[in-house]
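Here's the structure, in structure tokens; my notes come after.
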Amino acid sequence: MSRDGDTPVETDGGTVVDDADSGSGSIGGPIGEAYRSLRENEFSVVIGSALFLVVFPYLLIEGMGMLNESLGDPGIGGYEGLASLVLIYGIIVIGFNLLLGYTELLSFGHAAFFGTAAYSAALLSSTAEISFAGFSATMPGITSPIAMLVFGTALATLLAWPIGFMSIRRSGVYFAVLTLTFGQMLYFFALGPGSGITNGDNGFSDVNVGSLLGMVDFGEPVSQFGALYLPVIGNFEIPFLVSLDYVPIEYVFVAVLFLLALTVANRIVNSPYGLIFEALGENEQRVEFVGLNVFRYKLMAFIISGAFAGMGGALFVMHESFIHPATALYWIQSGDFVIMTVLGGTGSLIGPVFGAFIFEYIANVISGATIPVIGEIGSLWRLILGAVFVFIVWVFPRGAYGALVDLKKFLVRAVESLVWAVRNPSEAPGAFTDWLRGVGRGIATWLRGVGRGVTSRVRGMLSLVGVGGGS
Amino acid sequence: MEDSRPTRRDVVKGSAAAGAVGLAGLAGCTQGGQNDGGGGDDGNGGGGDDDGNGGGGDDGGSTEYPSLGNFPVEGDTVTFGFNVPQSGSYSQEGEDELRGYDLAKQHLNNGGGWVDQWDDLSGDGVLGKTVESVNGDTATDPDTARQSASRMISRDDAIMITGGSSSGVAIAVQELCQEEKVQFQCCLTHSNDTTGSACVRYSFREMFNAYMTGQALAPVVRDAYGEDLNFYQLYADYTWGQTQQASMEQFFTDVAGWSQIDSVPTPLGTSDYSSYLSDVPDDADVLVLNHYGLDAANSLPQAIEAGLDERLEIIVPLYNRLMAQAASDSIEGIFGTADWNWKLDEEYTQSFVESFQEEYDQPPSYAARLAYTQTMQYAAAVERAGTFYPPEVIREMEDYEFDNAGLGGELMRGSDHQAFRDVLVVQGKAPGDRDSEFDLLNVVNQTPRDDLGYGPDEGPAAECELGEYGDE
């Protein structure tokens with residue numbers, strides 16, 4: 001921790017720090033160079049994610065499955081469907097974060113776009129009779145996944161325009177409440193007057209997902225293409241290739257779209273246009289003084305995030321083959337997007353995806369787990385989610401992803417120091433005690449910070465209830 | 001989605017279909033070397049021989065079936081999925097369902113209760129495999145229920161899912177089960193659609209339905225209150241309430257000769273019914289409250305608080321314990337129907353109530369009997385079929401006649417998977433006549449099944465198309 005920043009002033013081991021740093025430069029050699037140049041690349045996050053997506057289902061099912069068995073089967077293993085679900089929500093929160101993390105607009109109504117896309121994609125694929133206000137029609141039954149996706153996303157985007165147009169005129173809480181209200185209007189419409197279209201509280205289940213490009217069914221395992229690449233690999237048993245085995249085509253479809261969404265968002269964030277989103281979040285007035293049309297940029301950010309939510313909604317309904325107003329449009333769904341985003345961390349593009357993972361994992365896996373003392377989690381999962389949320393937001397203000405980044409930095413430092421220590425055995429003990437002292441100091445600082453936070457919070461709460469006269 | 005999504009095991013088994021030598025070898029490893037990975041098997045296509053379940057004894061000597069859904073069952077345990085509402089409007093029912101399920105599991109593994117009375121069951125699991133279970137929370141919400149069920153199917157390899165309170169949930173989950181070729185045993189679902197327009201091959205219902213409630217209730221209330229009355233309905237606005245109010249209208253009009261003033265939907269999960277109740281017109285003689293669970297526990301006491309019971313008769317077509325307890329001071333004389341009652345003087349009822357009371361120190365509600373019965377019936381059908389292979393189990397249950405579920409003779413009709421059985425017409429007991437807090441209802445009439453029901457082409461069954469077994 002003492003090595004944070006290049007401040008040799010701190011201790012007499014300062015020079016040591018420098019040595020370690022130069023040492024680390026030589027550790028990686030050409031690989032390290034390649035790694036660093038990759039990091040420089042704007043799309044490194046996309047490339048990294050692409051690699052991760054290949055092993056993700058494997059980690060989720062085999063990795064968590066093994067962990068589950070080693071813990072005596074409390075029921076914490078993952079399963080295939082979860083991988084797709086996490087990515088679907090990942091797409092949504094990446095878009096949502098463009099609005100919340102960059103433009104700093106907190107929308108509580110994104111379920112409106114999610115649900116609209118879900119219902120419109122479902123209806124497109126359906127052959128049901130629908131009726132509304134005396135009109136009735138038979139749905140076309142277009143089952144192409146791509147058509148469903150495009151149709152759903154398009155309608156959600158179209159809806160985001162007027163809702164954004166009206167909501168963005170207000171800011172802060174008023175903006176949040178306006179978006180919430182629009183979302184709730186759609187919810188009650190779907191439940192009541194629009195039930196001729198949505199099938200109301202019974203949920204809409206006439207969802208027919210056809211084959212992709214007329215060739216492969218969503219449910220087919222990827223391994224049917226195994227023959228294409230396996231002869232090349234021959235008889236080598238590469239463990240992670242097993243994941244291709246029970247991964248359905250659907251996952252590949254979702255993963256490709258996830259990468260696409262990530263690429264687009266990444267480009268936006270790194271473009272001059274995205275820079276203005278960020279500037280808006282930091283100081284709206286200043287952007288206005290520069291002469292830019294603030295309203296237009298905010299509206300665009302809103303519409304883009306609506307499109308992402310729509311994309312997720314359309315994929316969600318293909319994944320579930322079922323949609324219900326409570327899942328599609330209720331404000332809790334909007335709130336879940338906010339929770340996922342903040343949980344993962346709003347500061348980075350990929351962060352919210354971690355939030356989506358934690359959220360969906362707790363909702364779908366932990367909710368079915370049985371743990372000692374408490375027993376079966378069941379409906380307590382929201383309580384656990386709440387505890388995790390409070391913990392993460394309190395201890396890691398930059399979210400779960402921020403915590404991971406810090407952890408990685410720490411580990412890299414540790415490895416570097418270790419290498420350095422091996423190379424300079426004579427100086428190592430001194431540097432080690434020095435490092436320990438530094439860590440201690442770091443922890444103390446951190447604890448003091450937390451302590452100060454607690455005291456001020458407690459004082460705040462007490463003053464709220466009229467104790468202590470406020471601070 | 002027409003084809004079932006592959007589960008992990010499913011695909012591991014069928015991976016050899018790709019002809020990929022590497023993968024097949026690997027799959028062989030994963031399966032503990034049952035398939036030698038030599039690529040001789042032709043995957044999970046029709047009639048494949050990759051059932052690979054090793055020892056014939058394990059699976060009752062029927063190794064000839066191809067894999068389907070979560071069949072074959074590997075190892076020496078079999079997993080049932082208990083998917084009940086632990087939160088939401090019907091969570092109280094869910095709690096009692098779970099008690100019934102756990103008791104059934106315990107009896108199947110160790111004997112006791114009906115296991116000792118039914119010839120099909122042995123008390124050492126099902127087909128020699130120990131029964132394990134996974135639980136899930138449906139939150140009384142169809143989408144949550146489906147997600148929970150799909151976890152049970154794909155991760156836990158559940159061979160059978162059962163549960164649900166709320167017909168919306170039952171219908172959503174049974175559709176999923178049909179796609180995944182995993183059997184669903186309905187628990188508490190009373191909508192006509194469950195075995196009507198939304199029926200599926202992979203689901204069976206022991207409970208009666210709204211149509212039968214109408215048939216059982218109409219003559220009784222006609223005799224009690226007279227003809228030429230006007231009735232007004234409130235109903236929970238989802239599949240159950242919708243079909244429930246339609247059946248009430250049909251039978252109160254045709255059988256009782258009453259006329260309906262209006263029928264008004266209320267959203268599921270409403271907590272304040274006062275505005276709906278204040279709209280009840282003055283010329284109404286009867287108010288029908290088609291609510292259930294927490295909803296009914298709200299609407300009935302509110303109706304009585306509003307003084308409606310003084311100027312008209314209230315009918316609650318489907319009684320449940322939560323509502324009866326919540327409104328216990330005011331249910332006196334109110335008619336309704338119930339699936340079953342723990343006070344019935346019948347041998348299977350008595351033995352179930354006895355073991356339930358021993359375990360939980362309280363008598364079971366009918367939700368618990370449904371849970372217990374549905375699990376036992378599935379287990380017995382598997383034993384009779386000698387295999388877990390779903391199409392065989394389904395065929396075993398279709399058109400099965402039995403009299404060992406506590407309600408006398410019953411028929412599980414093959415054409416719509418609806419049980420045809422007696423229906424109890426009940427009436428709330430006056431507070432002074434009760435033995436305990438659980439003794440709330442009087443059984444007025446056990447309407448025999450011959451007076452109820454409908455032909456395979458009539459009523460709800462007319463719209464039913466069951467779909468495929470999966471081995472066609």
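Cβ coordinates are placed from backbone N, Cα and C, and glycine is handled just like the others.
Here TrEMBL flags A:1-25 as region 'Disordered'.
Positions annotated as compositional bias 'Low complexity' by TrEMBL: A:8-17.
Here TrEMBL flags A:43-61 (among others) as transmembrane segment.
Annotated transmembrane segment per TrEMBL: A:81-100 (among others), in sequence order.
Taken from TrEMBL, the feature transmembrane segment covers A:112-136 (among others). Sequence-remote contacts of a segment are chain residues at least 6 beyond its ends whose Cβ falls under 8 Å from one of its Cβ atoms, and for the transmembrane segment (A:112-136) they are 92, 142-143, 147-149, 151-153, 155-157, 159-160, 163, 179, 182-183, 186-187, 190, 193-194, 196-199, 204, 206-210, 306-307, 309-314, 316-318, 323, 325, 327-329, 333-334, 337.
Residues or ranges marked as transmembrane segment in TrEMBL: A:142-161 (among others). Remote same-chain residues near the transmembrane segment (A:142-161) are listed as 112-114, 116-118, 120-122, 124-125, 208-210, 212-214, 218, 253, 257, 299, 302-303, 305-307, 309-311, 313-315, 317-318 (criterion: CB distance under 8 Å, separation of at least six residues from the stretch ends).
Distant neighbours of the transmembrane segment (A:173-192): 105-112, 115-116, 119, 163, 166-167, 198, 200-201, 325, 328-331, 334; these residues of the same chain sit at least 6 beyond its ends, with a Cβ under 8 Å from one of its Cβ atoms. Annotation source TrEMBL lists transmembrane segment at A:173-192 (among others).
The transmembrane segment annotation in TrEMBL covers A:251-269 (among others).
Marked as transmembrane segment by TrEMBL: A:299-317 (among others).
The feature transmembrane segment is assigned by TrEMBL to A:337-359 (among others).
For A:379-401 (among others), the entry in TrEMBL reads transmembrane segment.
Stretch with the largest number of CB pairs closer than 8 A to the transmembrane segment (A:81-100), among A:43-61, A:251-269, A:337-359: A:337-359. With a cut-off of 8 Å between Cβ atoms, the residues of this chain six or more beyond the transmembrane segment (A:299-317) that come close are 84-85, 88-89, 91-92, 94-96, 98-99, 102-103, 105, 107, 110-111, 113-122, 148-149, 151-157, 159-161, 163-165, 167-168, 207, 254, 257, 261, 265, 268, 273, 277, 280, 323, 328, 337.
Note on the transmembrane segment (A:251-269): residues 42-43, 45-46, 49-50, 53, 57, 80, 83-84, 87-88, 90-91, 94-95, 98, 102, 145, 149, 212, 218, 222, 277-278, 304, 308, 311, 315, 319, 349-350 of its chain, located 6 or more positions outside it, place their CB under 8 angstroms from a CB of the stretch.
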